[in-house]
């Protein structure tokens, strides 16, 4: 068995039968074919920034290391073709340095470009779907590569077709991004609202987003974590009004369909759970939405903690939180919500 601890940001002690870096599509295909012939489960990882290992993984972990960025443009748009193994934050940094704007709100989101569409990553008013032109996918059973446009990806809040139809036997090899030359700043959230839209630069937004994230989110290199552990729940307007009767200052974000998105971190914080610990896992003291590997936590410690948080929030607010993090068992991905229920 090989140690998985360095390859995921929770840094929980777990092993895999084998860990292989794939630097080309041919290598991806070869490793996949070998694992199939041996009847072993396979797991594709980018930087492991959104996974929790519950046990040792009884199969082959393939690390996506497909690198390279190409840039084309026309009168109105910049087009980036980004291979799946590229670090997301470094891509954002590269784009700003090259005068290509539109990704700055997504700075410092951990992980690889190839993982961005799976979760439809988002922050500070921008989601991956807003900048996506296409996603390039390899069907490992037929070795054919195909592209899905934004609509075909079925993006939703932390949701996409890559969690469903294209989860097994497919790997994202590249993403295509389409960024307007007529750049408009997105200043809807947090301290970004204080900027003047007429004078603000993309670099200022980038710096501010980095500052906010670094001030409230623990660095995974110092404290194991997978960022936001839970999704922000979406409730009916009736349910929202009911909660608001007792909590006037409830942060909320009305949705286009009339439902209301709530801040999961605020709900957890209201239950006085910051710093709460089970085994080696704890709720982060600064940002309640983040569960941390405080002291040699096991996957089961994190599961027990997540269960406790979910139950406590449900008892107080009647809202059941869903994990944003993907849970990996000995044989592959499992339903995270079922595990913590």
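Think of each number as a place in line: the chain as shown, counted from 1.
Cβ from N, Cα, C; glycine included.
Quick look at what Swiss-Prot annotates:
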ACT_SITE  158  active site
ACT_SITE  228  active site, proton donor
ACT_SITE  324  active site
DOMAIN    12-182  domain 'FAD-binding PCMH-type'
Practice problem: For the residue listed as 'active site, proton donor', name the DSSP secondary structure in the helix/strand/coil scheme. | Solution: strand
Quiz prompt | Cβ neighbours of residue 324 (active site) where a neighbour is any other Cβ within 10 Å | solution = 19
Self-check item: Around the Cβ of residue 228 (active site, proton donor), the count of other Cβ atoms that are within 10 Å
Solution: 20
Self-check item: Inter-residue C-alpha distance, residue 158 (active site) and residue 324 (active site) (nearest angstrom)
Solution: 7
Quiz prompt | Integer Å distance between the CA atoms belonging to residue 324 (active site) and residue 228 (active site, proton donor) | solution = 7
